[in-house]
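This report concerns only the one structure given below.
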Ligand SMILES: Nc1ncnc2c1ncn2[C@@H]1O[C@H](COP(=O)(O)OP(=O)(O)OP(=O)(O)O)[C@@H](O)[C@H]1O
Ligand SMILES: [Mg+2]
C-alpha cells in the first residue's frame, strides 16, 4: 500500500501559524506530502485541521511559516492562487451550485468560450465542448454520475462528492485536499468515495484527507499527520500503526511521535 | 442511487407536463380563454387589442427582465419604480437643452448611477438589498418630486416620441421591438453568456462561487446596475408614449413587476431565473389588467387582483422549493 518513499515531495508545509484574535488555531504545523500519496490529517475537534486546509487552499493566508509546492515556496493569497499552484480543495460543505447541472459545476469560472472571436468577446459559452470534455474526465474516474445534464439537487450525497472530486482532478490538480468528504455519507457511498480517492492517487495525484473516521483513514491512507492543539504532533506510516494507536495520538494520550518517513 | 431509464409511462408524461415551470403558460392560456369567452363582444380578442396590451406593457416587461438580473444574484430591487420616474424626468429636462441621443444617455446614466449606489451600499454595509433599495427608493422619489416641482414635464421632440413611444418600424410598433430586443438580450445573457452563468452561480451558492474564485461583490453590483438600467429604459419608454415625464411614472409598477417575474418561475431568493417566464408573466399581468378594465373593474380592483396574483405565485414557488 505504501508508495515509493523516495518519490518526490509535492507539498511541504513548514512551521505554519495562524491566529484569530486571541485564538491560536495553528501554532506550528509542519509535514510533507509526496506525489501520489494519500495522507490523512487527523486531530480532535478544534485541533486546527480546517484552518490548516484553508491556509493551504488560499482562503486565509497563514500568519507565519511557508508552503512549498514541488520545492518552491508559494504565496497563496486567494483560492485562485492555490488553484494555479495545482492545489484543489473539496470543501466540507461542497462548493457546488445546487441549481447547476454537473457540467456547469465542473466548468464554473473556467468556462470554455466559443471559438468565434465576436461571440468570444461577448463571453458566449461553448456548451457542447464543455459537455464533451466533462464526459472524458468523468469517464477517467469510472464515474457513478447518472447524467451530466442532471442538476446537483437531484444527486445523492455520494454523487455530489464524486462531482466535487471530479472537478478537482479534471483541472490537472497535483494536490487534492478533502475536508471530511464522507462525513454525511452512508457506508456504501463512503466506500465509493474511498475508491475514488485511491483511483486518483494511482494517477499520481497527492491527496490530503481529513476524516474523523478511523476505518476510512486505515483503508485509504498511506500516512497520517496528527494535529494536537494547533501543532503537528505525529507523523506515522499507516502500516506501522493500528486504530487504537491513532486514537491515542489524536487525544494526546501518547506523546509526540514524528516518524522518520516525513 | 440507481436510475433506471425506461420508456416514459403515462404518469411520467403527466409529471412532465405538470412541471411548475410550465405553470405560467397554462395560466396564460387559461386567462386568455376566460376573457375571450366573457368579453367576446368587446374586441378583447383582437390583434389590435393584443398589440395595445404589448405596447402598454413594454416598460413592465423590460423592468421584469431587469429585475431578473437582480433576483439571479439573490437581490431584490425595490427602487426600480422610482428609477422609472427619475430617468423619465432627467430625459425630459435634458431634452430642453440637448438632442435626443444625449438626453437618452443622461437618463440611462441616472439609472446606472442608482444601480452603482445600491450595489456599493449593499456590499459595503452588508445590509440586505431589501432595506437599501427601500431607502434609495424614498430618496429618488423625493428628488424626482423636488426636481419636477410636482409638475409634468412635456416632451415635444417628435424623434424622441416616435423612437421611444408611438413610432412604427416595418409596420410593427417600436415598443414591441424594444420589448423583444430586451427579452432576447436578457435571455442570451442569462442562458448563453458566461456573465449570466456567474450571476446564477452567485445567487445559487455565494460561498461556492467565491471558493471557485468568482468575485461575488463585483458580480452582484453589476447585476443591480443592469436592473436599474432596465428601469431607466422603461422610464424613457413611458416618457415617449405619454409625451412627457411625471414623478408618478412607475409608482405602481413595483408590485406588477415582482408578480410578473414570480409567476414566470423565477426564484425570489436567487439562483433560478426564467427570462421567457418573466416576459410572459408581464404580458399575463397586462392581459389581466386589460381584461379587468374591459369588464368594468376599477383601478382599485385591478390592484387587489395584482396582489392576489403575487401571493399565488409566491405560494406556488414556496411549495416547489419545499419539494425540491
Ligand atoms: N474564522 C475563525 N475565527 C475565529 N476562530 C476560528 C476561526 N476558524 C477557526 N477558529 C478556531 O480555531 C480552532 C481550530 O478550528 P478548526 O475549524 O481548524 O478545527 P478542526 O480541527 O477543523 O475541527 P473539526 O474537527 O471540529 O472540524 C478552533 O478553536 C476554532 O474555534
Ligand atoms: Mg473542520
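In case you wondered, yes, glycine gets a Cβ from its N, Cα and C as well.
TrEMBL entries are annotated by machine, without manual review.
According to TrEMBL, the transmembrane segment annotation covers B:22-40, B:52-72, B:78-95, B:102-122, B:128-148, B:169-190, B:219-240, B:275-297.
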Six or more residues beyond either end and a Cβ under 8 Å away: which residues meet both conditions relative to the transmembrane segment (B:102-122)?
75, 77, 79, 83, 86-88, 90-92, 94-95, 128-129, 132-133, 136, 140, 160, 164, 220-233, 235-236
Interface check, the transmembrane segment (B:219-240) with the transmembrane segment (B:22-40), three or more C-beta pairs under 8 A:
no
Are there residues at least six beyond either end of the transmembrane segment (B:78-95) with Cβ under 8 Å to its Cβ atoms? List them, or say none.
59, 63, 66-67, 102-104, 106-108, 110-111, 114, 118, 130, 133-134, 136-138, 140-141, 143-144, 147-148, 153-155, 157, 160, 227-228, 230-236, 238-239, 244-254, 257
Short question: which residues 6 or more past the ends of the transmembrane segment (B:22-40) have a Cβ under 8 Å from it?
263-265, 274, 277, 280-281, 283-284, 287-288, 291, 294-295, 316
Which residues, given as numbers and ranges, are at least 6 beyond the ends of the transmembrane segment (B:52-72) yet have a Cβ under 8 Å from it?
80, 84, 129, 173, 175-176, 178-179, 182-183, 185-186, 189-190, 196, 199-200, 202-203, 223-224, 226-231, 233-235, 237-238, 241, 250, 253, 256-258, 260-261, 264, 266-268, 270-271, 273-275, 278-279, 281-283, 285-287, 290
